[in-house]
Amino acid sequence: MTATVVIGSQWGDEGKGKIIDFLGQSADVTVRYSGGDNAGHSLVVNDQKLALRLIPSGILAPNSICIIGNGTVINPATLLDEIKELNGVGVNTDHLKISDRAHIVFPYHILQDQQQERDRSKNGEKIGTTNKGIGPAYMDKMQRIGIRAIDLLDNETLEEKIAFNLEQKKRILDEDLWNQLPSLKELTAQYIEYGEILKDYITDTSYLIHTNLNDNKRVLFEGAQGTMLDIDHGTYPFVTSSNPTAGGAATGAGIGVTKIKHVIGVCKSYVSRVGEGPFPTEQINEVGDRIREIAHEYGTVTKRPRRIGWFDGVLMKYVSEVNGLTDLVVNCLDVLSGFKELKICTGYQTDHGVIKYYPASEKELKNSTPIYETLPGWDEDLTQMTTYEELPANAKNYLKKIEEITGVPVSAFSIGPDREQTIVLNDMWSD
C-alpha cells in the first residue's frame, strides 16, 4: 500500500502535471483533491498540447482509475468539454470517477465571483480571481447550501435546492448580473441533463480509494495550484478558496493522514506567480523578462504573463514544513543556463530586523527586502543530458543548496518539458 501526494511548492504553475504524468505511469489510482476549473495543467497527447482544468493528469494512464475527489468544485460544462476534447484525441475517459460528495458550480457562482471582484476593484483591493465561480461555490459549501454531485441524480431534490439557492442569490446579486441568469426551469433542465450524462462517472470515491489501498495498490494524489495559494497557509487574501496543501489530500479525498507515505513538493528553479499579492523576490527587470520568454511563462488558464523572481529559500523552507515534504522535484533547471550568476533568497530584511521565517502579515511581506546568496551560474545546455553526473558542477551545487535550505532531498529534476527530460535520483514510490 502506497499513497503519494504531489503538491505545488510555490504559487502554482510549477509543472506538477508533468511530474504527475511521469509518476502516474506506475499508479493504480490518481486523485485530484482540491480546486476547480480555475487551476490549469498542460499535457501533451500525440504531439498535441491539451490544457485541462478539472480532469487529473492521470487520465493518460489507461489502466488506472482517475478520480475527481470530494474536495473539488466541479463546473459540469467545463468537465464535459474536457471529456470531449480528450476523446477527440483518442484518450478513453471510461476510467474517470467523480466523487458523489463533490460540490457543483452553477452560473450564479460565476456571476457572484464577478460581482465580488468588481466591488473589490472599486476599493483597490482586487485579488485577481479567474472569475470561474470557485470562491462562491466553496462559500455555499461552508454555508451548507451547496449542491453536490449526488444531487444531480435526484431530479426532485435538485430542483428544490436550485430554487432555494436562486432565492438566496437574488438578494445578493446586482440587478444587471441577476438578469443574466437562466430561469429556474431552464437551469434545472440543464443540470438534470448534466446528471444524465455524468451519472456513470459519479460514485463513492472515498470507498474506491480505500478498497485500492487495502489491495496494496499505488494511489497518487495530485494537488492543484500551490501551497502559497492555500486558503490557510498562503499569502492571504491573495489565495484560492481551498487547501492544495498535503493536508488537503486527506480531507479532499476522504482518507486518513496515516495512509500517506510520500509528500512530493514540485517547484521551479526560480519562482513564478500569476495575479496580485506580495512577491519578495520578484524581478521586474531584464532577469524576469528573460526567464519569462525562455520558459514561456504565461498562465495556462488566464494567459496572463506570470511574474518572475529568484528562488526563495525562506518560502521553500516554510512550504516543506507546512506539507511535511519527503521529496523535492525541481523543474526548469535548464531555464537558468546562460546566467553568469544566480541568486537564492536566504532571509528577509524587515523593519524589525532579519527574519528567516515566512511572515503572515501582507504588509510585512510587501516591505521585506530579500537577502540573497549569490551562486555561480553555468553556460551548458542541459536539455540533452540524461544523468545527474552529466550536470555541470555549478548546476549540481545549485540543487545541493536547495536541499540544504529546505532540508528535503531533491529526488528528481527536469531539464525540459518532455517526460523523458525528467531525471530521477530517488524512488518516490518506495514503501
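Cβ coordinates are placed from backbone N, Cα and C, and glycine is handled just like the others.
What Swiss-Prot lists as GTP binding site is 12-18, 40-42, Arg306, 332-334, 414-416. Per Swiss-Prot, the feature Mg(2+) binding site maps to Asp13, Gly40; the stated evidence is sequence analysis. According to Swiss-Prot, the IMP binding site annotation covers Asp13, Glu14, Gly15, Lys16, Asn38, Ala39, Gly40, His41, Thr130, Arg144, Gln225, Thr240, Arg304, on the basis of sequence analysis. Residues or ranges marked as active site, proton acceptor by Swiss-Prot: Asp13. The active site, proton donor annotation in Swiss-Prot covers His41. Look at Swiss-Prot and you will find 114-133 tagged as region 'Disordered'. Under the heading compositional bias 'Basic and acidic residues', Swiss-Prot lists 115-125. According to Swiss-Prot, the substrate binding site annotation covers Thr300, Val301, Thr302, Lys303, Arg304, Pro305, Arg306.
Overlay of Swiss-Prot feature records on the structure.
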residue: Gly12; record: GTP binding site; DSSP (3 states): coil
residue: Lys18; record: GTP binding site; DSSP (3 states): helix
residue: Gly40; record: Mg(2+) binding site; DSSP (3 states): coil
residue: Thr130; record: IMP binding site; DSSP (3 states): coil
residue: Arg306; record: substrate binding site; DSSP (3 states): coil
residue: Leu333; record: GTP binding site; DSSP (3 states): helix
residue: Ile415; record: GTP binding site; DSSP (3 states): coil
Structural state of Gln225 (IMP binding site), classified by DSSP into three states: coil
Same chain, 6+ residues apart, C-beta under 8 Å of the C-beta of Arg304 (IMP binding site), given in sequence order: Val274, Gly275, Tyr298
Other C-beta atoms that fall within 10 angstroms of the C-beta of Thr130 (IMP binding site): 22
Residues Asp13, Glu14, Gly15, Lys16, Asn38, Ala39, Gly40, His41, Thr130, Arg144, Gln225, Thr240, Arg304 binding IMP per the record - widest CA separation, whole Å: 34
Whole-number Å value for how far Thr130 (IMP binding site) lies from Gly12 (GTP binding site) (Cα to Cα): 14
Cα-Cα distance linking Asp13 (Mg(2+) binding site) and the residue listed as 'active site, proton donor', given in Å to the nearest integer: 8
Pairwise CA distance, Asn38 (IMP binding site) versus Gly15 (GTP binding site), rounded so that it is a whole Å: 16
For the compositional bias 'Basic and acidic residues' (115-125), residues assigned helix / strand / coil by DSSP: 8 helix, 0 strand, 3 coil
Cβ neighbours of Leu333 (GTP binding site) where a neighbour is any other Cβ within 10 Å: 25
Pairwise CA distance, Lys18 (GTP binding site) versus Pro305 (substrate binding site), rounded so that it is a whole Å: 21
Using Cα positions only, nearest of the binding-site residues to Leu333 (GTP binding site) (Asp13, Thr130, Lys303, Pro305, Arg306): Asp13
Distance [Cα-Cα, Å, rounded] between Lys303 (substrate binding site) and Thr130 (IMP binding site): 11
Spatially closest candidate among Ser42, Thr130, Gln225, Pro305, Arg306, the listed binding-site residues, to Asp13 (Mg(2+) binding site) (Cα to Cα): Gln225
Most crowded position, judged by CB atoms within 10 A, among Gly12, Gly15, Gly40 as binding-site residues: Gly12
